[in-house]
Amino acid sequence: HLPVFPHTRNHLMMLGMSWFSLRKLWAFTGPGFLMSIAYLDPGNIESDLQSGAKAEFKLLWVLLGATVIGLLLQRLAARLGVVTGMHLAEVCNHHYPNVPRIILWLMVELAIIGSDMQEVIGCAIAFNLLSSGRIPLWGGVLITIIDTFFFLFLDKYGLRKLEAFFGLLITIMAITFGYEYVAVGPNQANLLKGMFVPYCEGCGPVQLAQAVGIVGAVIMPHNIYLHSALVKSREVDRSSRNEVKEANKYFFIEACLALFVSFLINVFVVAVFAEAFYGRTNSEVVSASLFPQNNDTLEVDIYKGGVLLGCFFGPAALYIWAVGILAAGQSSTMTGTYSGQFVMEGFLNLRWSRFARVLLTRSLAITPTLLVAIFQDIQHLTGMNDFLNVLQSLQLPFALIPILTFTSLPSVMNEFVNGLVTKVGGGLLILMVCCINLYFVVIYVTALHSVWLYVVAALLCVSYLTFVGYLVGRRFHQSIVTLAVTPNLRISEFICDTSILIEQQPEFES
């Protein structure tokens, strides 16, 4: 054994400390937790509780896999923002022609509106539960408009205070849903088996559709645009390779921690409804106004789920559930507002005041949500939530293809370009998402039983696949152009550098 001398030991300790610093991690902490709120919005919570009620613990591995895929995509988004100093919408503005750029913006805007509708309605349902039905759904939607002005108020006092507020909301979700988890006491062995054994014994079309819904609910397109913009809030010297590398490292560590917390909260919700309500029938519930007295399997959503918790575990469980849903809805509506602001500013190159941008993006989401709240019964919102999940899943390629395209271009990312494994894996992911989307659309449309809707859906599918094909084709075209141009760029850079050197010191001319 070779002795380790004191100075050598100190040197090794310094190397370890330089690789990781809690102080630096704290400085970079914030964007990842803001991003992770999209994994905890009311749409995700409803997907979680339906997964537990329909498939028990058997789809937890799908939730884990979707979260890991989401983490890898968020890593690419953060790297793009750190390396280029631009967020994804701005890069799209620089690289796509006008017509495809406008179409891409509209697709992302649709995803944001769909997500925001789920979040606002989630808040409205929480207000209805907390007030024992005294606040109607449309009244809860109007109350959520206030959070826009509260968002502007917090943002005025700096991003750090806004990040702290979001951290408080995540803590509230962890405490409230964690309370439900402890109160129900799920079987830990079944939970771990469902999380790490990728198999669904006895599952049928219902469970398969639910698994597809989990992927669509977890991986949200606008969140990739959001994360690439949020990392710009930290100052990084992009001329220094080491600083860029360090920023990428700490942003990735923070994203891992944030998504681990969000995954635990999602697991709490799945486990509560898996243990308490899987296999139960309507006849076991005393609330005849919500559940018909027959032997059909329970159908649950955010509203009915809160009522069930109150029936089986007491009023405290209902009100604590409502507080958790309110925290999820409030936090995600604010991040949705941020996403809309960055997307509109980047794609359209708008330079409006912050108040005008926020007012417009919130109006785009609030108006259709208010109409739905006025004309739709609170007890029959599950169908609309399924439609919004389909809508967001369909928009996913319009974030995946651009982020994989630009992070694979050396002209954009320099030495931080994607490796071969990421490129191939990303291509397979895009293919898988498109197949899942088509399956999702077929299931949803066939349930409507309308020939006209079949024709409209077929035309929309052709247009959708054509545009996706264009984006994929442009990705390969840009890759080929980059391979052809990069050597010439390097030669021109060498000639330029040499000529500057000769001008400064003529003795080097020879």
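A Cβ is built for glycine as well, from the same backbone N, Cα and C atoms used for every other residue.
TrEMBL does not curate its annotations; it predicts them automatically.
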- Task: Would you mind telling me which of 109-127, 394-412 TrEMBL tags as transmembrane segment?
- Result: 394-412
- Item | Considering the transmembrane segment (60-82), which listed stretch of 166-184, 204-230, 251-274, 355-374, 451-472 counts the most C-beta pairs under 8 Å | 204-230
- Message: Using a cut-off of under 8 Å between C-beta atoms, tell me which stretch among 251-274, 394-412, 451-472 contacts the transmembrane segment (204-230) the most.
- Response: 394-412
- Any chance you could find the range in 251-274, 307-328, 355-374, 424-445, 451-472 with the most Cβ pairs under 8 Å to the transmembrane segment (166-184)? 307-328
- Under a criterion of three or more Cβ pairs within a distance under 8 Å and sequence separation of at least 6, are the transmembrane segment (451-472) and the transmembrane segment (394-412) in contact? yes
- Message: When you look at the transmembrane segment (424-445) alongside the transmembrane segment (394-412), do they share 3+ Cβ pairs under 8 Å, ignoring any pair fewer than 6 residues apart in sequence?
- Response: yes
- Message: Give the nonlocal contacts of the transmembrane segment (424-445) in its own chain as ranges (CB under 8 Å, at least six residues past its ends).
- Response: 69, 209, 212-213, 215-216, 219, 386-387, 390, 393-394, 396-397, 400-401, 404, 408, 418, 453-454, 457, 461, 465, 468, 472
